[in-house]
Amino acid sequence: MAKAATPKKTAAVNGAGKVTQVIGAVVDVAFEGELPPILNALETQNNGNRLVLEVAQHLGENVVRTIAMDSTEGLVRGQSVADTGAPIEVPVGLETLGRIMNVIGEPVDEAGPIVTAKKRAIHQDAPSYVEQSTEGQILVTGIKVVDLLAPYAKGGKIGLFGGAGVGKTVLIMELINNVAKAHGGYSVFAGVGERTREGNDLYHEMIESNVNKLGGGEGSKAALVYGQMNEPPGARARVALTGLTIAENFRDEGQDVLFFVDNIFRFTQAGSEVSALLGRIPSAVGYQPTLATDMGQMQERITTTNKGSITSVQAIYVPADDLTDPAPATSFAHLDATTVLSRSIAEKGIYPAVDPLDSTSRMLDPMIVGEEHYEVARKVQSTLQRYKSLQDIIAILGMDELSEEDKLTVARARKIERFLSQPFFVAEVFTGSPGKLVALEDTIKGFKGLVNGEYDSLPEAAFYMVGSMEEAIEKAKKLTAEAA
């Protein structure tokens, strides 16, 4: 029986389907023989280009409903369609580093084909319980404010919140750079439904700041996968999975991988467009009824296994600043940490502009990070919180009206604020200051001394844009010498 079934499948592969209906990104295909399974990739030609369709529904009477991964303009009824016999497969491996590809794994950076030893289907099962590693470990980023106050979990998920122009891209590039330096790990960046211009800028900035090499190859640290705003919903709904598949391959080879998604909201938005086109009845606020399932299936694949880890940083757009909107609310359920970038901090010239009071992490637990780290982090936060509550009094009455204790708190808080800044490797090109990667022990030691008053005698300026406390002390000596 099994042998008799084989020719049928070959017939399907050789193109036994025909287009019967095209409505936007949804294409119905009728097959004479065996129907392709759900999620299989079908191929047809459109205006001389390869058009990939993904099977979404079986409608009966040998018709399948598919989602197009590219524009369907120019597609006609009766056109022949071939079943590839497998889901969408994309190239994976070291050859993808430094390159940009689209949802179906085709290069879009005009640097020639991506030739890899193997390909991998974009739909994979999440690792089983046996494969998963449950040990709580911190991923040290070398960025003081992150490591001290909102540490990232290895294999965890981090939400990155911030408006336009507060330094999201620079922070992302620094994380890519530091993970490559400190852990020898690679990164994958999935541009989901964002501006093509920003994607292009990121690509060129990565080359300028030596994160990637032009045309890929030796020395490149990140693979880029784009499905931007101008693309059909099918591509935007699947491009995060394409990026995740490349990251999973690196993880299975024993790497600690960073996986960036910009923007996770667009993944949900594309899913809701596809859902409406497939004729599903919408759920709350017009989102797809399968919102939680779609999000869960993707997020559960991002995890630490016995082989390696995928740590995911996801930029999250909050529509109309409504945190109760189903799309961001569903994302929050999966997050281990949040990094909030604040415009008010960026306005002070403090970069990275991470808000030390708004950013949170479930890893900041004495059982995980240790008693000393936890105590120092909480003292830093309480000092900053006290300073924040005194700012109104300072604005109205001035510093002189404060008690001696409050004056000391304000002085320390201002030093802490400045010490939370640090020069980035990827910004060297623009600032001229060499970047600093700070070890966690040095970060804890420095801030412990600050909150305990060991450095009360040093001027504020000494703490601005330095790495470790030793550098701040050196800078203070220089400033004193210059003043003299």
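The backbone N, Cα and C atoms fix where each Cβ goes, and this holds for glycine too.
Remember, predicted model here, so these are calculated numbers, not experimental data.
Per Swiss-Prot, the feature ATP binding site maps to Gly162, Gly163, Ala164, Gly165, Val166, Gly167, Lys168, Thr169.
Overlay of Swiss-Prot feature records on the structure.
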{"residue": "Gly162", "record": "ATP binding site", "CB count, 10 Å": "21"}
{"residue": "Gly163", "record": "ATP binding site", "CB count, 10 Å": "11"}
{"residue": "Ala164", "record": "ATP binding site", "CB count, 10 Å": "7"}
{"residue": "Gly165", "record": "ATP binding site", "CB count, 10 Å": "11"}
{"residue": "Val166", "record": "ATP binding site", "CB count, 10 Å": "23"}
{"residue": "Gly167", "record": "ATP binding site", "CB count, 10 Å": "19"}
{"residue": "Lys168", "record": "ATP binding site", "CB count, 10 Å": "22"}
{"residue": "Thr169", "record": "ATP binding site", "CB count, 10 Å": "18"}
Same-chain, non-site residues whose Cβ lies within 8 A of the Gly162, Gly163, Ala164, Gly165, Val166, Gly167, Lys168, Thr169 Cβ center for ATP are Leu341, Ala346, Ala353
